Amino acid sequence: MKADPNKEKALAAVLSQIEKQFGKGSIMKLGEDRTMDVETISTGSLSLDVALGAGGLPMGRIVEIYGPESSGKTTLTLEVIAAAQREGKTCAFIDAEHALDPIYAKKLGVDIDNLLCSQPDTGEQALEICDALTRSGAVDVIVVDSVAALTPKAEIEGEIGDSHMGLAARMMSQAMRKLAGNLKQSNTLLIFINQIRMKIGVMFGNPETTTGGNALKFYASVRLDIRRTGAIKDGDEVVGNETRVKVVKNKIAAPFKQAEFQILYGQGINRTGELVDLGVAHKLVEKAGAWYSYKGDKIGQGRANAGRYLTENPAIAQEIDTLLREMLLNSNAPKESAADVDDNVDPETGEVF
């Protein structure tokens, strides 16, 4: 059926008016691959960068990463910090859980000598530190670990068992209103790690929710749901996790994509394994039987050996990475480059129904 030209003209006019009033990218077609022209930082996972649509996490925005315990939330943020530091950016880690392991961070490539770290006593103190760092304009990436550990001062000073209904949610709501504008002006990326809780009495739908009230869900430009889907074994020994990340909210590109990758204990995201898998999928790396080859040269028998070869030859790994990014982040990239999420999702908050 042919579209009404008057309606098309009216739609184009109102879309132009909305973008002029609220900013480019405030409205787009769901299937569009066009992304907002924003600076991004890689997540350390090529498949996740592709799922995000813009090549990484956006600067000047709020990002929420949530999931169950030991799913890889902190590992993912440390990978982002390492990537930012390699670009010469200044990073800060607000360790409200008092659980940051500097040895592990160093193994992931974080320059711990130049990483700003704070272990605040109260939630208000943590958020004030975030605001001060943001307003300085000198810090590029701030990670808060975690929202659940941001305890209001009144709760800390009170007795165990006292009721403090809504205090944390009110604190987060006030902080979001204050931080959002400052982050945009200073072009600072603020990442909140969050935990999952269960709603009581939910009979139908997803009973899971995140801590800290609803404000963060609405102010976040990107929300990532990270889950451990399986174990990676070397013989009988478990050496890592199979991980799936769902982009449940995305204001800079089409949302509802997902990425799968491996997190190896003590090493972080298995980048070379991703390069081998994506290289084969997009015909940059040839596979014949168990042998993998690149540009006619054999690089290993079996996925593990091919990945090891790329680790030992970073120039070749970087070449494959660059070619894949050009292919997958291009506007003409194939649709299957990032899988769609099947769940019914609230388009405003990214919550699953």
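Please read every residue number as a count from 1 along the shown chain.
The backbone N, Cα and C atoms fix where each Cβ goes, and this holds for glycine too.
According to Swiss-Prot, the protein carries these features:
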- G67, P68, E69, S70, S71, G72, K73, T74: ATP binding site (BINDING)
- 334-353: region 'Disordered' (REGION)
- 339-353: compositional bias 'Acidic residues' (COMPBIAS)
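The structure, with features from Swiss-Prot marked on it.
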| residue | record | contacts (Cβ under 8 Å, 6+ apart) |
| --- | --- | --- |
| G67 | ATP binding site | K73, I196, D225, I226, R227 |
| P68 | ATP binding site | I196, R227, R228 |
| E69 | ATP binding site | Q195 |
| S70 | ATP binding site | R228, N241 |
| S71 | ATP binding site | I226, R227, R228, N241, T243 |
| G72 | ATP binding site | I226, R228, N241, T243, I263 |
| T74 | ATP binding site | A99, L100, D145, I193 |
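Neighbouring residues of the recorded ATP site, listed in sequence order and excluding G67, P68, E69, S70, S71, G72, K73, T74, comprise I226, R228 (Cβ within 8 Å of the Cβ centroid).
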